[in-house]
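S.K.: I have a structure here, written as structure tokens, and I will follow up with some questions on it.
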Amino acid sequence: MAAVATSFCFSPHRSPSRFGNPNSSIRRTIVCKSSPRDESPAVSTSSQRPEKQQNPLTSQNKPDHDHKPDPGIGKIGMEIMSIALPAALALAADPITSLVDTAFVGHIGSAELAAVGVSVSVFNLVSKLFNVPLLNVTTSFVAEEQAIAAKDDNDSIETSKKVLPSVSTSLVLAAGVGIAEAIALSLGSDFLMDVMAIPFDSPMRIPAEQFLRLRAYGAPPIVVALAAQGAFRGFKDTTTPLYAVVAGNVLNAVLDPILIFVLGFGISGAAAATVISEYLIAFILLWKLNENVVLLSPQIKVGRANQYLKSGGLLIGRTVALLVPFTLATSLAAQNGPTQMAGHQIVLEIWLAVSLLTDALAIAAQSLLATTYSQGEYKQAREVLFGVLQVGLATGTGLAAVLFITFEPFSSLFTTDSEVLKIALSGTLFVAGSQPVNALAFVLDGLYYGVSDFGFAAYSMVIVGFISSLFMLVAAPTFGLAGIWTGLFLFMALRLVAGAWRLGTRTGPWKMLWSAPEKPE
């Protein structure tokens, strides 16, 4: 697959301009197509211009200049679901694979199972802190850059591959972050076990360190794959990542019994199976991305990388603020004893698992809003905003109804202890009743990212996390789990209030969306 190192040929009379998003520092680079041996700009006339062939990855992003307001949300709703459903399936694939891994490792022994649990917790914490911010920033930046490229396609020569510096920048940063994570996790495994308070004489200690050191080799492909997923999301394509994730997870499920039991590698085999599957996922995503985009563009600039780091830094701070209330809730629940903690864990796991569906709506909101906003199609952007909020509210309400009916039988799958089950069922109102609020809060996250409103997303999360954590510290000693669950509901409700306030005040990047006239066609 030979790379075609040609980009778009814009009018030489145009000056470089910012993307339609005034909050983004990404600038459009004007590069005229030229012969490899001739550095002079190519001259394109209507008679010379070859017939354009639609690119299946990007043709859907071209603006519809004949766009007319949809009287309902039918068309937008269908587009939202076409993005959200594959994304939800991809998000659900990893937890399902974790259950498969747990089942296989559990047949080795309880100490090994506990060791893997500790190691996976450490690995996932690092992943959430550094990898998820890169994923979200990549999605927004690629969507913006691709939207501008699609907007100017009428003034350009269509090439077989797109040159999008945001894709190249994210992949290079991902490789660097992945290597750094691998080194830190491998060399720091002993220190990290100390942080997790695993004593040296614990039967978990040695297998936990061994598993973490092997899993560290999978850090680079994980980060690179997430960056590639962000690029595909920027193209509004969540189906390709789904195929890649499913292929990798199927391979993992096949390799687990072979490496663990047949070859006798134990938990080392479980780690190796996971790492191999992660490299397969990264390979598939890069292979498919390379068919349409130049992966390593010579146009990578320091300023662009700095913008990634700045926005990513804000989202790392936001992730920390997000983790604090949940960590505190677990700590406070554990102080009530093992039975209370077990009931709380069932409630929390179901609550978080259901959130995958609404988190997929946030992905759709981010991709669609970033595209329309960057193109200056503000009327269409407003339709996307209202449409995704309506779909989010409908989804949350539907999930609430389903959970009210099914929470009891679903909870019984996790335990046969009547006392634990009784405690879990006392959280039905919290799990089911909070779903509409959760759905809207997650959708608002996607809307923030769609207009690169990373600063407000980060700072508001710090304030919301502080208030809800303080509430739990005061309420938990008196009201027990009810106080903890109320604090978590408050956390989500305040996120919704903050988002509604941001939209209502029409400040920051939202000012342009509400006040700017529609671009002339």
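A Cβ is built for glycine as well, from the same backbone N, Cα and C atoms used for every other residue.
If you look up Swiss-Prot, you'll see 18-27, 42-61 marked as compositional bias 'Polar residues'. According to Swiss-Prot, the feature region 'Disordered' maps to 12-73. Residues or ranges marked as transit peptide by Swiss-Prot on the basis of sequence analysis: 1-31. Residues or ranges marked as transmembrane segment in Swiss-Prot (evidence: sequence analysis): 80-100, 103-123, 167-187, 213-235, 242-262, 268-288, 314-334, 345-365, 385-405, 423-443, 454-474, 481-503.
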S.K.: Are there residues at least 6 beyond the ends of the transmembrane segment (167-187) whose Cβ is under 8 Å from a Cβ of it, and what are they?
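M.R.: Contacts with the transmembrane segment (167-187): 122-123, 126, 130-131, 134, 137-138, 141-142, 212-213, 215-217, 219-224, 226-228, 230-231, 289, 293-297, 299-301, 304-305, 308-309.
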S.K.: Could you tell me what the rest of the chain brings near the transmembrane segment (242-262), counting residues at least six beyond its ends with Cβ under 8 Å?
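M.R.: For the transmembrane segment (242-262), the list is 86-87, 89-90, 93-94, 96-97, 100-101, 104-105, 107-108, 225, 268-270, 272-274, 276-278, 280-281, 284-285, 288.
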S.K.: For the transmembrane segment (423-443), which partner among 314-334, 345-365, 454-474 gives the most CB pairs under 8 Å?
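M.R.: Maximum Cβ contact count belongs to 345-365.
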S.K.: Per the definition of 3+ C-beta pairs under 8 A with sequence separation of 6 or more, do the transmembrane segment (345-365) and the transmembrane segment (80-100) touch?
M.R.: yes
S.K.: Could you pull out which residues elsewhere in the chain have a CB under 8 Å from any CB of the transmembrane segment (314-334), counting only those six or more residues past its ends?
M.R.: 125, 128-130, 132-133, 136-137, 340-341, 344-345, 348, 454-455, 457-458, 461-462, 464-466, 468-469, 472-473, 476, 481, 484, 487-488, 491
